[in-house]
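J.: According to TrEMBL, the record shows the following:
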DOMAIN    43-105  domain 'Transmembrane protein TMEM132 N-terminal'
DOMAIN    134-261  domain 'Transmembrane protein TMEM132 second Ig-like'
DOMAIN    283-422  domain 'Transmembrane protein TMEM132 cohesin-like'
DOMAIN    429-526  domain 'Transmembrane protein family 132 fourth'
DOMAIN    529-664  domain 'Transmembrane protein TMEM132 fifth'
DOMAIN    665-780  domain 'Transmembrane protein TMEM132 sixth'
REGION    546-572  region 'Disordered'
SIGNAL    1-24  signal peptide
Amino acid sequence: MEKMLLRMCTASLILPLLCRVMDGRLLLEGLPRFGAVPTYLPVQYQVLNAELAFFLKEANQDIMRNSSLQARTELFFIQQARRNPVVNASYGPFSVQQPVPMELLDPGIFNNPATSSLSSSSSLSSQLFTFNWKIQTFIISERIHLSWPKVQVLFYVVGRDWDDYTTVDHLPCIRMFAFHETQEVRGTCRLKGELGLCVAELEPLPSWFSPPSVVPGRQRAPQTEGTPVELYYMVQSTETGECIPESSRKAGAIRSEPQGPAGYFSGPTPMRRIGSVRLFQPLSELRLDRNFVVMVPASPIRQRETVSIFLATSALSSVEIFTLRVKLKDDVAFLGAKTTNPVQWTVSQDVRSEGHRIVTLHCRRKDPSYGQRMEAGLQKVLQVDLEVNGLVDPLGTRSVTWQVEYPMSRTFSEEIPTLIRLAPYNLGGIVPLAMETEILNTAVLTGRTAAMPIKVVTVATDGAVTDVTESVECRSTDDSVVKVSERCDYVYVNGKETKGRVKMMLNFTYNYLNTQMEVSVWMPRLPLQIDMADPELNQIKGWRIPISGGSQRSADDDEDEGSKRDRGCGPQYQSTTVRVLTHFEAEPGELRGQPDFLLGSDWQVDVTELVKDFLKVEDSKVAKITDGATLTGLNTGATKVQVMSPLSDLVLAERTVRILDDKVSITDLGVQLVSGLSLSLQLSLGSSRAFAATATTQDTMHNLKQESLVSAWLHFSDGSVTPLDLYDPAHYTLTAISLDERVVSVQKVAWWRSPVVVVRGEGQGTLLRVEMSGADLCQKSKRRNVLATVSANVRIKFSRNDDSDNRRHRPNSLTMEMPFQMQGWSTKEPQLLKQVLHLEISGQKSQQTSQIFQHKLNFLMDAPQRRSCYKLGVA
């Protein structure tokens, strides 16, 4: 016998507190004889305060997580939330909810418990909900020139609601670091404004612009590649709300764990990489011929800024005399020319007019032997100063053409054009901003457009930020993935897309500046999957339900058809749960290889709530769907459950269901008393983005007059199990009978479909019998046709330490237990009125027994050391 019990306790995972050891004996408590299929407490879950959240199904984990009638575990993940999400679990009038702890949510950079001082201030942390907040960085220019040695990086908070102005005054500061070899330079800015952005600036040291050091065993890197400088940042929080300024030219040795002054994050502060910039010498070289090189500024020139262009030659060149012709375009003015080495060269301008667009300069070497004493390499000969303005065309570039003539040989070089890039309005760059980094294409399922706001801003050389969204041009690189609005103010999907993609690129143009923005688009995999607990439904033997007069349901049954009372009834068929599942997937950014999954290939997203309005049965005479999640058979036959597209006549998913003639009987009834709910939340072991919510009811009741609901599961002869809650309450009657009225009583209430069990006293054991029968209208005789019956275990144990609390919460609640038993006496339940105890006593009139009763009553009321007896008289 013990081996059989042990095998049943270990092999069947669905047993609610199957075995219990008491007083050294192994007891069997309400052991349901169900098979190895998922069973659970049929509570309903909701995720509140979340703009986008889904329940999940992990492969091959249903039975492991749901194996008890006492509890139900559901997995879910939160895609978007502007407030702290709350998980609610309910069963009938019982409801419990719990906010998702911030430590379970993706902490990101704002909520890292080891680093974030945002949470150190209770007032500040209560004002900021930073779920999904991330710092996005944009390097304004990756090429830095000595003529304007400023590194600018725009920071902004992605995942934050731009319309939430309550967080504007509580956004943190940013510390930016530039590292080159063993030195660092810092900059600081404060996130602010409706977009939550700022621009941090720093100036590399002049020595950093020199060519990089030679690595032993390697060649010197070409100067055209520039000097690389690495950029990092960390978030700075201060309780005063002010940022601690940094000197952008402050240099120091690199520290592995920068502690920072007071107000910075405490503990080891993580640095996050931004990227790298390259430092370039101020001039780019363009060779005219074998003798001369033009050196033009490599960086864009601001309007009305003097542009100095140099003509250089080799120190070993034998050229002693030459003429330089400079052809200018509109908006480029000649300011003058001079030699860079007056000791060696002289220069003069031709007095003859060749038009105001052509400048002729004559150069002569003073001392032919001077160059022999110079070091090898290029030597600057001539400096030509020009001025560029944007009065005609403030955009683009300006062209200047150079040509060298050698009078001694009457030869010419080719005309070589050089371009001077103009930076209009001191503009440094443009940056597209998105409220989120990814978008889920739910429009395919709902027909409702899913959109994500975007903004495009310019960053000036002085760090000023301007919104130019309405002035930019934009386009998607693939409209079959995602689209951009005509005004470039949001990206969207409308359900006509055919695929998703990771790092989908969007192009933006403002004047001559171009940039791109990355966004990941997740597409539900089609066809969707319709998940049914049981795709074959049978007629339930002996269970008949009322049917409408026009119904064509079969009336075949093994019962007597002669009863007039049964003529308006038909057979009840099994019901099953229906879920619609899918994977959200996207093509990889490299457009090759296997698709990427939002949560992983083992995780399916439950989209039943999104498609329930488009979930239908092809033949409504065979089966029906109620509440978007329950499928019930109506007549024998086969049909399909389908999910229709909201935008076309396409079928997004379908699955065949069969309603069979074969009858099944109810072989067992599993019962769980629900006296209240508790809820626990934790991270799922399978994914860092998935949470597990477990709602549980206790098997022991502790309070007097505590009420419990009866939750039941049906076990059929075909091996399937189904919660009774799937069936229409009008089609069955569930009754409960107390086997000990001193411990529990049963009430029938109008607000709930099952009996309510009320605690009357302490006790345990099989104290309740639960019966299920068909609808009253379909009973063939006055004697009720019972479909299933079960004896339910009840355990009631009052908490001795909570007696004072019980009295405080229920001052007029009294027990029905007698303080003592005496032959010839009986009592009625006492009533507490105005602190006076009234007892009705009847029985044999005896002075002796009356005195004994009075003595024991006074003893109970007056002895504080025996408080455990209070429950016997007054609760």
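Just so you know, glycine gets a Cβ as well, placed from its N, Cα and C.
As the structure is a computational prediction, the values presented were derived from the model and not from experiment.
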J.: List the helix, strand and coil residue totals of the domain 'Transmembrane protein TMEM132 N-terminal' (43-105) as derived from DSSP.
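T.: Across the domain 'Transmembrane protein TMEM132 N-terminal' (43-105), the residues distribute as 4 helix, 35 strand, 24 coil.
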J.: So how many of the residues in the domain 'Transmembrane protein TMEM132 sixth' (665-780) end up helix, strand or coil by DSSP?
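T.: The breakdown for the domain 'Transmembrane protein TMEM132 sixth' (665-780) reads 9 helix, 63 strand, 44 coil.
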J.: Taking helix as H, G and I and strand as E and B in DSSP, count the residues of the domain 'Transmembrane protein TMEM132 cohesin-like' (283-422) in helix, strand and coil.
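T.: Computed counts for the domain 'Transmembrane protein TMEM132 cohesin-like' (283-422) are 4 helix, 81 strand, 55 coil.
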J.: What counts of helix, strand and coil residues does DSSP assign across the domain 'Transmembrane protein TMEM132 fifth' (529-664)?
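T.: Taking the domain 'Transmembrane protein TMEM132 fifth' (529-664) as a whole: 10 helix, 71 strand, 55 coil.
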